[in-house]
Amino acid sequence: MALERTFSIIKPNAVANNDIGAIYARFERAGFKIIAAKMLHLTKEQAEGFYAEHKGRPFFDGLVEFMTSGPIMVQVLEGENAVQRHRDIMGATNPDNALAGTLRADFSDSFTANAVHGSDAVESAQREIAYFFAADEIFPRS
């Protein structure tokens, strides 16, 4: 198994519902180390830039509106096979299809307000981490 980093967002609905601590506890119980974290309120420009690959798709404007509706938590998780394992604990994008006990099954309010985002590949994790964190904001721990 390979030690990897992945990028994670706790979305506005989960922040508003005061679920940050519960979600962080799940990350840590799953063996992840949180090596960078911060709270921010995305501007429209930041959200459009982050989700640029989805521009022109029918859900894009609603996604940007939702992601700018309140504060979010962004974090870098480190662990063995972090990208896939994080996707496994998040559950299906549509919370109606998410397995019981996954983050989306437990903390989502709707398809758009599905509580969390996670990188889908090592390459996207690197890009997404760099979008929100400078190298000196990441603190690996042994």
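Just so it is clear, glycine is given a Cβ too, placed from its N, Cα and C backbone atoms.
Since this is a predicted model, take the numbers as computed values, not measurements.
Per Swiss-Prot, the feature active site, pros-phosphohistidine intermediate maps to HIS117; the stated evidence is sequence analysis. Taken from Swiss-Prot, the feature ATP binding site applies to LYS11, PHE59, ARG87, THR93, ARG104, ASN114, supported by sequence analysis.
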Which ones in the same chain are close to PHE59 (ATP binding site), with CB under 8 Å and 6+ residues apart in sequence?
THR112
By the count of other Cβ atoms within 10 Å, pick out the sparsest of the recorded positions LYS11, ARG104, HIS117.
HIS117
Other CB atoms, at most 10 A from the CB of THR93 (ATP binding site)
13
Which of ARG87, ASN114, all binding-site residues, has a Cβ with the fewest other Cβ atoms inside 10 Å
ARG87
HIS117 (active site, pros-phosphohistidine intermediate) and ARG104 (ATP binding site), distance between Cα atoms, whole Å:
10
For ARG104 (ATP binding site), the three-state DSSP class is helix
